[in-house]
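Worksheet for the structure shown next.
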Amino acid sequence: MNKISENKRIISFFKFLVQLTAIDKSFIICGSNSLHLMIEMKIDLKNQCFQNIKIYNTSLIGGNFFRSNLSGSDFNNVDISGMNLSGALLFNCNWKNIKILELNQLECRLYDVRSICFSPDGKTIASGGKDNSICLWGVNSGQQKAKFDGHHYAIYSVCFSPDGTTLASGGDDKSIFVWDVKTGSQIAQLDGHCKTVYQVCFSPNGTTLASGSQDKSIRLWDIKTGKQKAKLDGHCKTVYSVCFSPNGKILASGSQDYSICLWDVNTGSQKIKLEGHDFEVLSVCFSPDGTILASGDGNVNSKHERNNSILLWDVKTGQQKAKIEGDYSAVYSVCFSPDGTTLASGGDDKSILIWDVKTRSQIAELVGHSKTVYSVCFSPDGTILASGGDDKSILVWDVKAGSEEYNIDGHTSSIFSVCFSPDGTTLATSSVIMPIKLWNVQTGSLKAALYGNSYGIQYLCFSPDGTKIASCTRDNNIHLWDVKTRQQKAILWGHSDWVNSVSFSPDGITLFSGSRDKSIRFWDVRAGLQKAKLDGHTHWVTTVCLSPDGITLASGSMDDSIRLWDVKTRKKKAILSGHRNGIRSVQFSSDGSIIYQNQKIYSLFFYSRHQYLQQIQVKNFFTIQYQPLLNLLTIKKYCKKYSGTQDKEESRFKDQKIFEQFYKISLNIYTIASGSIDHSIRLWNFRTGQQIAILWGHHDWVNSVSFSPDGTTLASSSGNSNEGEDYSIRLWDVKTGLQKAKLNGHTESVIQVCFSPDGTQLASGSWDKSIRLWDVKTRYEIQILDKIHKDVVVQFKSPLFQQKFLSETNPHQTVDLITKKPILLAQGALILNGEFINYQGVDLRQLFKSKGSLFFENQLEKQQKNN
């Protein structure tokens, strides 16, 4: 298959077969198979024209159709899980019987979702949260059907009656409200609890409602009369969860006191107390046959406690049957499937885990939420799973698709480092678990994996000629790899603690490293020996970066300082102070772009990593030209003639005063950017050591900063998962210090960002185990080959329409997403009319909308109203 993927003639023929399906139905089978094969071979399908193609009975999982034209396409029984449709043209598509892991995303907009529940017929989802209201949603349409107002405080639990005519809700009001589902009117208010009601649950026959509260009690209510039937006391702390057994005879309760109680519903007496949890029991659920009770616990005061558990209990004996092993945070919700074979759990991990009850093994992980998942619920037929969370959304999943194994390349653990090769064709990535992976930037396919070290890799760096990769690890060493042979060339020994960062000299002969042992070391790459050791920092050295001319090394440390070192003399040149907490990243601009002149920020662009030059006209009189390898600075004078042409007169500093003026302010002038735990980015004048600007915007650790090759843009990434939960990437205008864009998509801390050498793409690596390639252009280019949609496109290209469009959707789209999980991307997809229906009848347009797609019919209506 690898040989076929490299044969351009064969690939062109495959594309031709796909396009033939648009004009001849007899090619549908071979065309569909050809498209599937190209996706399996990771062929680049970005910016393609596939208008009117007909694709049936195949899988396009993970296919990258970024900015491709799929207008008029006819898809039937096609799995589109994990497709990248960002920027794609989807006019008049006819997509039916579609298979996709994510079915819908219901936006609750204002507040987090604390509880969800399917109606008995499976057509409606009820949700309650901190907006004090209950919403009813159509499962197939994804639209809000009704809203019940009456609560004055947050709602923590909602539950349908078995016949679906009544809904109960409880929360911070301390009361339980009972609603008529058809009319939306409140038919009863059950008072008795004196503190927050955390859960309500109907008995199987619908005559009794159970409630658990912060007042440590459980209460049973007669639904017909609204009277309290019984008060069950036994827990000594908050009761978080209650659940009836399928026969209605037993009630289970989970509490903050780490215990579960089983109660006899008829007598109100405690049958047995189940003990075994190490934290608060947040959720309990009976299996459909009533023989097993599942329970989930968690330390609600620590989102990153990893010792939480899901336990399975034998209801008859009260003995613990099993503990479901896994690396997860607090488990807020557990739910059995209707057939009892699987168990779903949701919690602080932000993902939903699906477990095989018999084997206790994890069979799926559903990734989509960006914050804590508070509630999970199976549909009555077991084909759909809904989840609600702190990210203000309800996600609807295809359970069958979620249980399938996806053979997709990607890392299985958190990403620590991303780095482009100097020619921009390869992206190297590392994670907590080996190997280092090399990716084809054009296609997103895996080129190679480098094995040889079992410890987590903190940082990667290509040598300037692209032939070597240096990786620093938690085994206290630095590993050098031959990119061509994929073999480890050498190990550099010397540091006594984790090595956090490495940087090559411009000639590739010397490597610089910073470590938790507080030292910086210089290494001879050829000999594999240590050349020097610099001491000075009083805490971990977290980052090192060499100036483009190779003269100065910058180091950042957890001692809150940045130090500048003279590489030749190995002496400290300066200390840059200003950050109020540890430094996570430092970076030199590649051009020497920002300097001071007459108290204003002034820009001159010099390419110092390469021998080619960029010239910028200054004040309409001079162009400065700097060639760093020759240490040569020249000025060119421009004289305009009346004909409009320019006569270039080169003068190599005939005017000594001009030479001295520009030489002093221009040579070796770089900007240093630093990102810190204090949530700020600071820009520093390299020559004076003065702080130029502070960039505020992130509300969590700034983990990485990276200059674009031309020095005009700075990218930064954030997150730590302990503080502000800011998992964004931000682009800044270096000259003004203003934020240009915010890129959202990652669901965990973004550890590193890196610009491609040509500056058109940005790579990011995150703890969510994914790598994203972002398009950092801000201009949309649409190409239409037929005349059907010509008028629409003309309207779209109008400046007014573009302005409104860009205000509603992020122009910086994910070009490629490298992850083990199939996540649909559709940011900026342009949709006009058509149908997008899955095999269960769910309208997927709401999902596309939640992914950032733009619906032209809506925009055209707005345009017509404004006109």
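Cβ atoms are placed via backbone N, Cα and C, with glycine included.
Taken straight from TrEMBL:
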REPEAT    113-147  repeat 'WD'
REPEAT    190-231  repeat 'WD'
REPEAT    232-273  repeat 'WD'
REPEAT    324-365  repeat 'WD'
REPEAT    366-407  repeat 'WD'
REPEAT    408-449  repeat 'WD'
REPEAT    450-491  repeat 'WD'
REPEAT    492-533  repeat 'WD'
REPEAT    534-575  repeat 'WD'
REPEAT    672-694  repeat 'WD'
REPEAT    695-742  repeat 'WD'
REPEAT    743-784  repeat 'WD'
- Can at least 3 Cβ pairs under 8 A be found between the repeat 'WD' (408-449) and the repeat 'WD' (743-784), with each pair 6 or more apart in sequence? yes
Check: Do at least three C-beta pairs under 8 angstroms join the repeat 'WD' (113-147) to the repeat 'WD' (366-407), pairs 6 or more apart in sequence?
Finding: yes
Helix, strand and coil residue totals from DSSP for the repeat 'WD' (743-784) stand at 0 helix, 18 strand, 24 coil
Quiz prompt | Contact between the repeat 'WD' (534-575) and the repeat 'WD' (672-694) (3 or more Cβ pairs under 8 Å, separation 6+) | solution = yes
Other same-chain positions with a Cβ less than 8 Å from the repeat 'WD' (190-231) and lying at least 6 residues past its termini are 115, 156-163, 166, 168-178, 237-244, 246-248, 251, 253, 255, 263, 265, 268
The repeat 'WD' (113-147) resolves under DSSP into 0 helix, 22 strand, 13 coil
Listed stretches 232-273, 366-407, 450-491, 672-694 vs the repeat 'WD' (743-784), most Cβ pairs under 8 Å: range 366-407
Averaging the pLDDT values of the repeat 'WD' (743-784) gives 80
Residues in the repeat 'WD' (672-694) per DSSP class, helix first, strand next, coil last, are 0 helix, 14 strand, 9 coil
Summed over the repeat 'WD' (324-365), the DSSP helix, strand and coil counts are 0 helix, 23 strand, 19 coil
